[in-house]
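Participant: Take a look at what Swiss-Prot says about it:
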type     : residues      : note
COMPBIAS : 33-44         : compositional bias 'Low complexity'
DISULFID : CYS174-CYS177 : disulfide bond
DISULFID : CYS213-CYS236 : disulfide bond
REGION   : 33-73         : region 'Disordered'
SIGNAL   : 1-31          : signal peptide
Amino acid sequence: MSGPSFSGAGMNFRITVWCAAAAVWSSGALAQDGAGQAAPGTPDKVYSTTGSAPAKPGDKVYSTRSAQAPDPQADAVKERFAQRFEGFDVTAVRRTPYGLFEVQIGTDLLYTDEKVTWVMEGPLIDALTRRDVTRERQEKLSSVPFEELPLDLAVKQVKGDGSRVMAVFEDPNCGYCKQLHRTLEDMDNITVYTFLYPILSPDSTTKVRDIWCASDPAKVWKDWMVRGQRPPTAECDAPVDQWLALGRQLMVRGTPAIFFKSGGRVSGALPRDELEARL
């Protein structure tokens with residue numbers, strides 16, 4: 001029997017459906033019969049936007065979980081899943097209306113049966129409406145009220161009347177981020193808030209500090225991302241820890257990560273027509 005293959009915190013099952021044999025793993029306690037409610041989430045893991053330490057009273061924080069009513073059967077599924085796949089932080093397990101349990105790990109969604117004998121990864125399609133239920137759920141779970149983003153920590157760029165608004169997490173060494181900037185060059189009437197997110201290479205932190213501490217961060221940022229002009233050295237107390245903490249809270253694993261005023265988000269650079277449609 002082939003087993004699963006994982007890659008980092010963002011787990012990647014290479015096999016869509018596989019069997020976890022009961023002879024190999026012992027099952028957990030039998031679950032009580034629930035009434036179809038969603039499972040409870042464990043306490044939120046939150047970080048302050050004013051530092052890299054756990055949040056203190058009064059700090060702005062973002063939840064990575066939604067409030068859920070108790071469901072003992074889903075709790076039992078979560079316990080069994082944790083026993084069989086040690087080392088993975090299961091965000092929540094929820095009962096679905098189609099006879100499976102939804103297992104959330106960060107922004108990833110998997111599906112399993114009550115005994116965690118089978119695990120499925122991939123899009124779940126509503127056969128009647130042809131809707132991608134998995135994608136809809138991921139978008140809902142990862143949505144963030146735009147007005148709650150700490151935009152004072154972002155580099156602000158305005159074109160035209162600035163009426164269309166989006167926020168982006170970007171690393172200065174991100175090729176796809178530079179591709180996004182080339183797309184934005186052809187667009188008008190837009191405001192872009194950039195959260196500098198140095199995660200890709202050792203000198204990313206140096207570059208974001210030089211950009212943030214410049215006399216005109218928006219110009220220096222554009223000169224680097226569009227024209228390849230390296231930022232001049234600058235010194236100040238750049239909020240690097242706050243950027244990284246915010247990204248962790250919002251489960252940003254790569255760049256660019258685009259947040260729209262509607263509350264939706266997209267990972268990756270979009271072609272112009274798709275970007276226009278979302279703004």
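Note that Cβ sites are derived from N, Cα and C of the backbone, with glycine treated the same way.
Fair warning: this is a prediction, and the values are worked out from it, not measured in the lab.
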Participant: Near CYS213 (disulfide bond), which residues of its chain come within a Cβ-Cβ distance under 8 Å, counting only those 6 or more away in sequence?
Facilitator: ALA234, GLU235, CYS236, ALA238
Participant: Which one is it: of the disulfide-bonded residues CYS174, CYS177, CYS236, which Cβ has the fewest other Cβ atoms within 10 Å in this structure?
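Facilitator: Sparsest of the disulfide-bonded residues CYS174, CYS177, CYS236 by Cβ contacts within 10 Å: CYS236.
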